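Novice: So that we are looking at the same thing, I have put the structure below in structure tokens.
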There are 2 protein chains.
Amino acid sequence: MEKQKLQIVKIGGNVINDEHVLNSFLKNFSTLKEPKILVHGGGKRASEISSAMGLVSKMVNGRRVTNAETLEVVTMVYAGLLNKNITAKLQQFNCNAMGLTGADANVIIAHKRDINDVDYGFVGDIDKINPEMISLLLENKITPVFCAITHNKKGQLLNTNADTIAAEIAIGMSKLFETEINYVFELQGVLKNIEDENSIIEKINLKKYKQLVDEGIIANGMLPKLQNCFNALENGVGKVKIGDASLINSTTTKYTTLSLK
Amino acid sequence: MEKQKLQIVKIGGNVINDEHVLNSFLKNFSTLKEPKILVHGGGKRASEISSAMGLVSKMVNGRRVTNAETLEVVTMVYAGLLNKNITAKLQQFNCNAMGLTGADANVIIAHKRDINDVDYGFVGDIDKINPEMISLLLENKITPVFCAITHNKKGQLLNTNADTIAAEIAIGMSKLFETEINYVFELQGVLKNIEDENSIIEKINLKKYKQLVDEGIIANGMLPKLQNCFNALENGVGKVKIGDASLINSTTTKYTTLSLK
């Protein structure tokens, strides 16, 4: 039997930080055919609230260290403020959204990242998702909305990268669905020339990806992002698209499609 | 066919404010037979976070006014910090908890309270709950954990009294289940003599309730609490118990049982 399609959309700060952009995106997302899943990052609200509370973000190698106070702030902002406002907005647009962390119904289990050179604090690396529970929600026309918080099943919440959450959910759901991930970010896609925002590479397969890495065209921040995508493709995900917010249901806009072949 | 029992437990600040008390309560709650529902209030964390952010709580007639900034704080603290930590703790104790606001899967719809003499701001009065959706979760062995946030289905989150949420959920679920509410508060029950904490009145029916009100024994803060309870009993809820945290599964402790007859 052919598997049903499942679209997993991940949005980051560039969509979340502007209320009008977010509203317009959510209205658009609500028109997508079910089943679908939304995953959102944090945006700058966490930093603003941290500052307002007099907390100082500790960064190591450009990454935020999640100490106990920071974990409290991201739990409040991601799982409370952002997740519930997004859920309420989607409900307004008649999308039956349900906001979730990994702790809710035990849908994402992670472990605290091992301390090697750096102690990142309460940061979670995902062990497994719970596809049966997520399927139960999808079968009942519920649209799960995941924020970037997981748990370790031992009572500890953990701050977890939203791109990775989207990839792991897609991988875990691939046994049951034909999965597609849409990564929405600030550009229209992967660029051939970083100075020219119209130089979108529309299709990248595994062979071309390796070639682009060798040529240094895929570098810096784009490298881990695409590694994450190809990891998903190699583990059962059917298709990955990267582009701006309009990619999720446009037939005319440009974006980058990643696939193995 | 006889209806299945459903236990709805509401906890407030006296349980939430102390980590050890909360932990011990949640461990205890997790041993209760399913189906069950937990509803929690806010505790003093919302006030602490408000202060840390430099916000001043505006009170009218002893009640907090929920302006836009206060709504952000209660959404962060109730739906994020408290709700997700409670959920993660229950998962640790093998209770398959799922943290919810009224916006999630549209389970509680409210409207912004009308402005008469006082504008309470973003405070919600409940219009209806969604018993089918809550039943779906219960049938799948999920324990819903509600915080004191609802929505109006028009994109607006609303701050809503947790006692009322517990009562309205119990009323709404009474068509499908034999419901019992347990209100956990700082005393062992309704006291005959407010100065004597051992003077617990163990049973109060509607007739005795009216008599106790006439005699001035039920007064002040206890009056709206018991009005809320008898409203639930008159609308299908089978039994209401009021007492301290041990009442939820103790066979020896004293508490007050309310019933119509």
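Including glycine, each Cβ sits where the backbone N, Cα and C put it.
Below are the features listed in TrEMBL for this protein:
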BINDING   A:Gly42, A:Gly43, A:Arg64, A:Asn159  substrate binding site
DOMAIN    A:5-243  domain 'Aspartate/glutamate/uridylate kinase'
SITE      A:Lys10  site 'Transition state stabilizer'
SITE      A:Lys225  site 'Transition state stabilizer'
Novice: Sequence gap of 6 or more, C-beta under 8 Å: which same-chain residues meet both conditions with respect to A:Gly42 (substrate binding site)?
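Specialist: A:Gly42 (substrate binding site) has long-range Cβ partners A:Gly13, A:Ile16, A:Val74, A:Val77, A:Tyr78, A:Leu82, A:Cys147, A:Ala148, A:Ala162.
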Novice: About how far apart, in whole Å, are the alpha carbons (Cα) of A:Gly43 (substrate binding site) and A:Lys225 (site 'Transition state stabilizer')?
Specialist: 17
Novice: Fewest other C-beta atoms within 10 angstroms of its own C-beta: which of the recorded positions A:Lys10, A:Arg64, A:Lys225 fits that?
Specialist: A:Lys225
Novice: Taking just the CA atoms, what is the gap between A:Lys10 (site 'Transition state stabilizer') and A:Asn159 (substrate binding site) in Å?
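Specialist: It is 16 Å, counting Cα to Cα.
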Novice: Between A:Lys225 (site 'Transition state stabilizer') and A:Arg64 (substrate binding site), what is the CA-CA distance rounded to a whole number of Å?
Specialist: 18
Novice: Are there any residues at least 6 positions away along the chain from A:Asn159 (substrate binding site) with a Cβ closer than 8 Å to its Cβ? List them or say none.
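Specialist: Sequence-distant Cβ neighbours: A:Thr66, A:Thr70, A:Leu71, A:Val74, A:Gly121, A:Phe122, A:Val123, A:Gly124, A:Ala148, A:Ile149.
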Novice: Note the Cβ centroid of A:Gly42, A:Gly43, A:Arg64, A:Asn159, the recorded substrate site, then list each other residue of that chain whose Cβ lies within 8 Å of it, in sequence.
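Specialist: Along the chain, the qualifying residues are A:Gly41, A:Ala46, A:Ser47, A:Val74, A:Val77, A:Tyr78, A:Ala148.
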